[in-house]
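Taken from TrEMBL, the feature domain 'SLC26A/SulP transporter' applies to 34-419. Residues or ranges marked as transmembrane segment by TrEMBL: 36-57, 63-79, 86-105, 125-151, 158-179, 199-223, 235-256, 293-312, 324-341, 361-382.
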Amino acid sequence: ICSCSPQRVKKIALGLFPVVSWLPAYRFKEWVLSDIISGINTGLVAVLQGLAFALLVNVPPSYGLYSAFFPVLVYFIFGTSRHISVGPFPVLSLMVGGVVTRLVPDDSTGNGNSTNTSAINDERVMVAASVTFLSGVVQLLLGIFQFGFIVIYLSQSLISGFTTAAAVHVLVSQLKFMFQLPVPGFNKPFGIIYTLESIFSQITKTNVADLVTSLVVLLIVFVVKEMNDRYKEKLPTPIPIELLVTVLAALISHFVNFEEKFQVAVVGKLEEGFQVPVAPDIGILQNCIGDSISIAIVGFAVAFSVAKVYSIKHDYPIDGNQDLIAFGLGNIVGGSFKGFASSTALSRSGVQESTGGKTQIAGIISSVVVLVVILAIGFLLAPLQKSVLASLALGNLKGMLMQFKEVSILWRKDKYDCV
């Protein structure tokens, strides 16, 4: 016989579904406009980052939109942070991409016909979805068994070192799109060296139009992001440079017909609507258990560290174990719909908070923006160059790459922690 009192049942239910606690207390008149404005801005950034980070996973760009949609809905119900923006994160995308290229390598036969490419893409999507599903299961189990404390044992210097190293790998992995060179994936020790060797051995085959576009976009994005940081107290809202650059680049590519005139690589037709839910492939799961555990822990550690910053700033509690459950369920649902692993990106969360977001209502609004792109207007992005997406992905690495400056400080503070 269950001896749980009604009060205990209520406490457990409120703990498992935090939305039940805060939604009835939502200050509609005070917060709704801010959440709507924040959600629209965040949603636009989420769309572009979803497309860009899909390149890191080595899957078609449209699958990045699923990762920017489903986990947000799940976190709204189960999550405890009011300000983080859930969705694709470059480091996790790169980790999933490593599994994808290991299990489904590039076509070595040289037979690049559309049928063969489509079959490879389907396999890669299935690998990404399966490893995401398994990482979600790992996170869910860690949350259920109250292992949220593990983040305490991951020092900030360890997380910074890992994300900085991953940022370097992200940088190198995007060079092939900037130069538009056929560089295979090297998922082995010193793979980054082999990648650079492959790029430089083919440097004379560079598509100049893609390279020039990439450099111009990078310059604009870095300059405007620096302005956003420097004048954030004076600006009512950060300049949405990713959106402006994307719209302008897509329009120019369309009207000048870059694809035919300069043979640039473009996003192409995005798949409309949602994929039918799939079960993970057991054969794939057996080959990526270790990877899934790593993805689960890194994804949670990064998300929790960002959530903690905002919880301290705005003075409200967060629950690590409950967030593990939220991210776990989000990745299980996202993986079932062929999305890839989600966490949170500091830049996107910064947009959500700095544009006035008060609660995860802003997250729901952002998911509506993503939904509109998935169902209705994705075709407008077809002429967008992949080199632009690569540049946008690199533009979001500034914070992680700047962590190199912390090495000297850490060395003076704690040599063991630095090493």
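Along the chain as shown, the residues are counted starting at 1.
Using N, Cα and C of the backbone, Cβ positions are placed for all residues, glycine too.
Quick caveat, the model's predicted, so the values are computed rather than measured.
Counted over residue pairs 6 or more apart, the CB atoms of the transmembrane segment (63-79) and the transmembrane segment (199-223) come under 8 Å in fewer than three pairs, which marks the two as apart. Between the transmembrane segment (125-151) and the transmembrane segment (86-105) there are 3 or more Cβ pairs closer than 8 Å, counting only residues 6 or more apart in sequence, so the two stretches are in contact.
Counting same-chain residues at least six beyond the ends of the transmembrane segment (293-312), those with a Cβ under 8 angstroms from any Cβ of the stretch are 80-84, 86, 89, 91-92, 95-96, 131-132, 135-136, 138-139, 142, 148, 150-151, 154, 156, 159, 162-163, 318, 320, 323-324, 327-328, 331, 341-344, 346, 349, 353. Of the candidate ranges 158-179, 235-256, 324-341, 361-382, 158-179 contributes the most Cβ pairs within a distance under 8 Å of the transmembrane segment (199-223). Counting only same-chain residues 6+ beyond the ends of the transmembrane segment (361-382), those with a CB under 8 A from a CB of the stretch are 26, 31-32, 34-36, 38-40, 42-44, 46-47, 50-51, 62, 65-66, 68-69, 72-73, 75-76, 85-86, 246, 250, 266-274, 352. When Cβ-Cβ distances below 8 Å are used as the criterion, the transmembrane segment (324-341) is approached by residues 16, 54, 57, 59, 63-64, 66-67, 69-75, 77-80, 86, 88-89, 92-93, 95-96, 125-126, 128-144, 147-148, 274-275, 277-280, 295-296, 299-300, 303 of the same chain, each at least six residues removed from its ends.
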